[in-house]
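As recorded in TrEMBL, the features of this protein are as follows:
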BINDING   A:Glu193  substrate binding site
DOMAIN    A:7-255  domain 'GCVT N-terminal'
DOMAIN    A:278-353  domain 'Aminomethyltransferase C-terminal'
Amino acid sequence: MLKQTPLFDLHLESGAKMVPFAGYQMPVHYTQGIIHEHLHCRSHAGFFDISHMGQCLIRGDSAASELEQLTPSDITGLEPGQQKYTVLTNSNGGIIDDIIVTRNASGLMIIVNAACKDKDFAHLKSHLSDRCHFEDLPDHALFALQGPAAAMIMQKFSPETADLSFMQSCEADISGIKCNISRSGYTGEDGFEISVANHYADQLARLLLAEDEVEPIGLGARDTLRLEAGLCLYGHELTEAITPVEAGLQWVFKKGHSKFPGAHRILDQLQHGAERIRTGLVVDSKIPVREGSVIINNEAMPIGHVTSGSFSPSLGRPIAMALLDRSSASPGNILYAKVREREIAVAVSKLPFIPHHHYRLKKS
Amino acid sequence: MSDLPENLKYTKTHEWAQLEDDNIVRVGITDFAQEELGDLVYIELPELGRKVQAGEQCAVVESVKTASDLFSPAAGEIVAVNVALVDEPEQINKDAYHTWLFCIRADAVADLDQLMDAPDYAQMIEH
């Protein structure tokens with residue numbers, strides 16, 4: 001039986017095409033389609049229901065130091081209101097999930113991928129000591145408001161959000177509804193993620209969607225937006241068999257931190273380089289190069305595979321991300337993707353494909 | 001689904017087929033198919049002169065999300081392809097029943113008797 005988010009009725013009212021995703025019925029797109037939604041989010045503002053994602057809270061004095069031992073990142077150094085993107089690693093150095101950790105007044109709030117919710121929560125509970133209190137938050141919905149108009153809209157409802165820098169969060173009150181707002185998202189645009197009690201979810205969503213600049217965006221455009229932004233998607237660029245170094249997530253590491261699962265292998269790769277790494281690919285034709293497509297070099301040697309591939313609405317051409325042998329992964333290198341018995345020329349590209357527009361307050 | 005053109009035949013794989021003079025069968029995809037696929041971004045058409053069997057895979061339509069094979073509704077020879085679609089695949093999203101992909105000269109128009117009429121296809125996609 002598929003679950004529904006608190007916005008299920010609103011999605012249907014908005015003309016959503018619903019599909020099963022990670023155990024939920026979710027909107028893949030609305031009436032105008034993925035390309036329209038994608039471009040609208042890049043030029044105005046998009047509203048995303050991401051309530052299928054898992055939210056939990058870890059409390060206790062040792063919460064940060066214990067969580068830090070499950071990730072390669074600096075969790076103990078998180079200031080109140082600060083967020084961190086990181087990964088939970090397994091003992092082989094693979095990735096259990098990519099998560100967002102926020103230090104707020106009540107503890108460490110963690111957002112995990114919908115499909116990984118059960119295994120993540122079990123992993124956390126089995127590794128955290130009884131000095132930590134673990135609380136699942138299934139009664140909370142999660143939205144994202146993304147795009148160049150997001151800040152202006154958010155400030156209207158919650159003036160305090162004007163002072164948020166990328167990856168900072170605050171508690172706020174929107175028309176009397178208490179929520180947690182962070183300046184974050186997964187599109188490459190400036191924007192916010194809003195956690196709110198299920199009971200008020202529909203009311204808050206309608207408030208935001210009533211704004212002229214805002215249109216609802218489905219999972220389809222969420223995927224093309226994050227792909228253009230060069231961001232990893234669990235199950236594609238990130239799996240239990242891919243390390244954070246291979247995925248190009250070195251930037252989440254805390255210097256000198258070596259007490260996390262799989263550290264031996266991961267730190268060795270960090271020092272000597274991984275044999276394969278994540279890269280971008282731009283396709284020199286209109287033919288989409290999809291996930292699973294084998295990449296060969298000009299000697300017809302297989303050197304990797306595509307992890308995500310789609311059409312880029314912003315660039316008007318197909319783009320992809322791939323895991324490739326490091327020796328072949330230099331930007332500009334011409335390789336070939338196998339698509340239906342054909343070999344399609346692709347060029348290794350730097351990521352992201354579209355520059356990020358995250359908002360960072362200038363420190364005075 | 002009452003707006004299915006009555007003059008067309010329909011396949012289980014969501015192609016429509018229209019019989020014209022000289023055993024020519026014009027082929028496209030149904031509105032249901034374009035709706036399911038979403039925004040189309042790439043079309044791979046069959047080569048002119050190619051001989052195909054009924055039910056043989058002979059073209060590909062790709063949307064943002066996925067690639068989908070097209071199958072010939074009849075045995076015969078590909079005698080025309082709609083090259084304009086290569087640059088404007090979104091035409092199919094706009095008007096699926098007036099946007100054809102290719103034409104076959106059917107070896108036997110009786111092949112089309114195997115296909116569904118509008119009411120049967122309507123029933124199939126409702127289930």
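Cβ coordinates are placed from backbone N, Cα and C, and glycine is handled just like the others.
TrEMBL does not curate its annotations; it predicts them automatically.
DSSP assigns the residue listed as 'substrate binding site' to a strand in the three-state reduction. Cβ-based neighbour count (10 Å, all protein chains) for A:Glu193 (substrate binding site) stands at 24. The helix, strand and coil residue counts that DSSP assigns across the domain 'Aminomethyltransferase C-terminal' (A:278-353) are 3 helix, 43 strand, 30 coil.
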